[in-house]
Amino acid sequence: MAHSLRDTASLTPSSALVDNDLTYGTVTRVLHWGMALLFAWQFVGMTLKLVLGRTPLVGVFTGTHASVGTILMALAIPRALWGISNLARRPPHGTGFVALAARLGHLGLYALMLIVPLLALLRAYGSGRGVAVFGLPVLPGAPEKVQWMVDAGHAAHGLLAWTLLALVAGHVGMVIVHRYIWKDDVLHRMAGRRADAFSAK
């Protein structure tokens, strides 16, 4: 344990940026928690819309939905690329069924983080509206309506978004299981402290 604590203390600023076999690096953690907050904003807004309908409170969330979704799309791409580049260095999932489920769950999360906002962008382009992020145009609309793009967005964006929320709920649930039942507290990998350093205290 003392050796692990020394390893933690000896991390250089550059090595702290990347992932290692015991913890996630600064870049991964910033992307993870930043996107988690943005997704929370999106899902809280959509849930309130379902429960309350169109109200001024709901409008605070839904008025930024397209802008925040576009930002999430822009963040999901470098996050996926960063994840691939750090894959061999990341903390292992272990072996067996639980490890396989964790890998598949993470793969599903990454896939939907890309697909869900992409479908919304596709629908916005195909409808001719285009996309603006907080008033700044970033994607012009199609010169003429492209019906298949609109239909694809309508058919799958919402459904896959709720599927993403279900995966996120499962992800959070497993963090709780790790912490309170299996007692290995993997949350500290993403919180920036090595799990073995934590357990040494």
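Even glycines carry a Cβ here, placed using N, Cα and C.
Taken from TrEMBL, the feature domain 'Cytochrome b561 bacterial/Ni-hydrogenase' covers 24-191.
Within the chain, the transmembrane segment (30-51) has long-range Cβ neighbours (under 8 A, six or more residues past its boundaries) at 24, 57-58, 60-62, 64-65, 68-69, 71-72, 75-76, 78-79, 82, 113, 161, 164-165, 168, 190. The transmembrane segment annotation in TrEMBL covers 30-51 (among others).
Sequence annotations record features per position, and here TrEMBL assigns transmembrane segment to 58-77 (among others).
Long-range contacts of the transmembrane segment (97-122) within the same chain: residues 35, 66, 69-70, 72-73, 76-77, 79-80, 83, 131, 139, 149, 152-153, 156-157, 160-161, 163-164, 167-168, 170-171, 174, each at least 6 residues beyond the stretch ends and with a Cβ under 8 Å from a Cβ of the stretch. According to TrEMBL, the transmembrane segment annotation covers 97-122 (among others).
Per TrEMBL, the feature transmembrane segment maps to 159-181 (among others).
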